[in-house]
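J.: Copied straight from TrEMBL:
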BINDING   GLY10, PRO11, SER12, GLY13, SER14, GLY15, LYS16, GLY17, THR18  ATP binding site
DOMAIN    6-223  domain 'Cytidylate kinase'
Amino acid sequence: MTIQIITIDGPSGSGKGTLAAKIANHYQFHLLDSGALYRLLGLSLQQKNLLESLENEDVLKQCVTIATNLDIVFKSKGDGIIILLDGKDVTQIIRTEQIGECASKVAAIPVLRAALLERQRAFAQAPGLVADGRDMATTIFPEAQVKIYLTASAESRAERRVKQLQGMGLDVKINDILANIQARDKRDMERTVAPLKPADDAYIIDSSNLNIDEVFKLMTDYADAHLAK
């Protein structure tokens, strides 16, 4: 039986996570939030005070072991997910800008990316999977039937991020968020392993001036036309 796979790649703050959860719920597919895996590893390494010593070979070996054995659970909740690390709900903690920076540092290290590679591929189970990330179509699931690249201007992504964080009760400044997004874009696009870019056969959507419902319709119309019947 062919496992149907929909990949949704794109830069930080483009709306991938929200839309991936809605798409997975729509098709009753499994969901992989690959960005959450990197954030979870970043959080775990930060908690263990290892993140600033990644250039040390022994520390890096320890980090690979941690990455391979992360105790992670994704639980569906409506159009979203609850994420558990070592049995604790860390859904909100991993969405902070600080942990986002940790994730970006982790993602730039080839051996840590490799350690998470098979964990990501293992999410592909019947009847299907929606995989959200940076390199889902180019590296993890190049065989996917549906490849979507969701982007938006840095300014519009910063505005959305501010609203999201303020909704969590956090006091944030848009200039700080914009600077973080631009720095992450640069790091993600320029890294040597799996840089952020659309697959050659990806359907590219710019959501700068679209709402979630409009993007959702574009995605499902495209997926309906390309998923195996």
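Every residue, even glycine, has its Cβ placed from backbone N, Cα and C.
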J.: Out of SER12, SER14, THR18, which of the binding-site residues is least crowded by other Cβ atoms within 10 Å?
T.: THR18
J.: With Cβ-Cβ distance below 8 Å and at least 6 positions apart along the chain, what are the contacts of LYS16 (ATP binding site)? List them in sequence order.
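T.: Counting only residues 6 or more apart in sequence, the Cβ neighbours of LYS16 (ATP binding site) under 8 Å are ILE8, ASP9, GLY10, GLY35, ASP132, GLY133, LEU150.
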J.: Provide the number of Cβ atoms within 10 Å of the Cβ of GLY10 (ATP binding site), excluding the reference atom itself.
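T.: GLY10 (ATP binding site) is surrounded by 26 other Cβ atoms within 10 Å.
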J.: Looking only at DSSP and grouping its letters into three states, which state does GLY10 (ATP binding site) belong to?
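T.: The three-state answer is coil.
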J.: I want the residues beyond GLY10, PRO11, SER12, GLY13, SER14, GLY15, LYS16, GLY17, THR18 whose C-beta is within 8 angstroms of the mean position of the ATP site's C-beta atoms, in chain order.
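T.: Here the nearby residues are LEU150, ALA152, ARG157.
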